[in-house]
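> Structure in structure tokens, see below.
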Amino acid sequence: MFSLLYGLWKYLFSKAEFHVLILGIDKAGKTTLLEKLKTIYSDFEGLPPDRIVPTVGLNIGRVEAYKSKLIFWDLGGQLGLRTIWEKYFEEAHAIVFVVDAANHARFDDAKSALEKALRHKDLQDAPLLIFANKQDVQGAVTADELTTFLDLKEIDERPSFVKEISAYDGTGIRDGVMWLVEEMKRSKRSEMLRQHSDINVVV
Ligand SMILES: Nc1nc2c(ncn2[C@@H]2O[C@H](COP(=O)(O)OP(=O)(O)OP(=O)(O)O)[C@@H](O)[C@H]2O)c(=O)[nH]1
Ligand SMILES: [Mg+2]
């Protein structure tokens with residue numbers, strides 16, 4: 001009886017909690033995005049861009065948005081650090097993949113890093129939000145151009161959305177996060193992770 005009531009209380013009053021992994025090659029703007037997310041969605045002002053250094057470990061950002069708790073994990077994108085990414089795959093509800101849309105010379109690198117992550121079995125069915133970042137820079141490609149380049153349909157069948165943003169001024173970020181939260185609320189992936197955590201609680 002208690003567990004039934006507790007279950008009902010949890011269902012009615014607790015906010016869903018989602019882990020979101022921010023990936024992308026070095027200098028794409030992941031940490032700048034994370035700090036902007038803190039500024040937009042929490043009471044804390046995120047670090048300004050000139051105080052952000054290349055990531056070696058893990059940066060975490062906890063915010064509340066659209067009636068959900070979001071925990072963002074931001075990892076380093078340098079080649080030698082990308083092997084760490086997969087340690088976080090299993091527990092991630094979704095992926096945000098950040099691309100420097102103005103740096104055409106590195107699109108191939110970004111595409112292969114993304115393809116490699118999406119092929120990993122631990123990321124199965126995870127919704128994918130791609131941010132075409134640095135739209136404030138002249139020469140940045142549009143979301144459509146980036147979609148064509150990445151050839152997403154060939155990559156995967158999972159829910160995905162490509163959105164133009166600027167992590168500097170915040171343009172486009174809210175639309176992307178809103179899409180992501182809605183997808184996570186109803187995704188097969190979240191259901192699977194929920195069942196896993198229920199099993200772990202019972203055992
Ligand atoms: N113009 C412009 N520059 C940006 C934007 N976002 C990030 N940058 C710059 O791009 C560079 C890299 O940003 P970071 O946020 O450190 O990139 P990162 O993806 O976290 O890089 P790693 O930690 O090495 O993986 C910095 O000089 C940022 O100031 C943006 O929206 N517009
Ligand atoms: Mg970083």
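Glycine residues also receive a Cβ, built from the backbone N, Cα and C atoms like all the rest.
Straight out of TrEMBL:
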BINDING   GLY24, ILE25, ASP26, LYS27, ALA28, GLY29, LYS30, THR31, GLY77, ASN133, LYS134, GLN135, ASP136  GTP binding site
BINDING   THR31, THR55  Mg(2+) binding site
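Situate these features within the shown structure.
Cβ neighbours within 10 Å of ALA28 (GTP binding site), excluding its own Cβ and spanning all shown chains: 26.
A helical conformation is recorded for THR31 (Mg(2+) binding site) in the three-state DSSP classification.
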> Select the most exposed residue of ASP26, ASP136, where exposure means the fewest other Cβ atoms within 10 Å, treating these as the binding-site residues.
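Candidates: the binding-site residues ASP26, ASP136. Fewest Cβ atoms within 10 Å: ASP136.
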> Distance between THR31 (Mg(2+) binding site) and GLY77 (GTP binding site) at the Cα atoms, whole Å?
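Cα to Cα, THR31 (Mg(2+) binding site) and GLY77 (GTP binding site) are separated by 10 Å.
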> I need the CA-to-CA distance for ASP26 (GTP binding site) versus THR55 (Mg(2+) binding site), whole Å please.
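It is 8 Å, counting Cα to Cα.
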> Measuring Cα to Cα, how far is LYS134 (GTP binding site) from THR55 (Mg(2+) binding site) in Å?
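That separation, Cα to Cα, works out to 18 Å.
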> Tell me which binding-site residues (GLY24, ASP26, ALA28, THR55, LYS134, ASP136) have a Cβ under 6 A from ligand 2; sequence order is fine.
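Within range of ligand 2: THR55.
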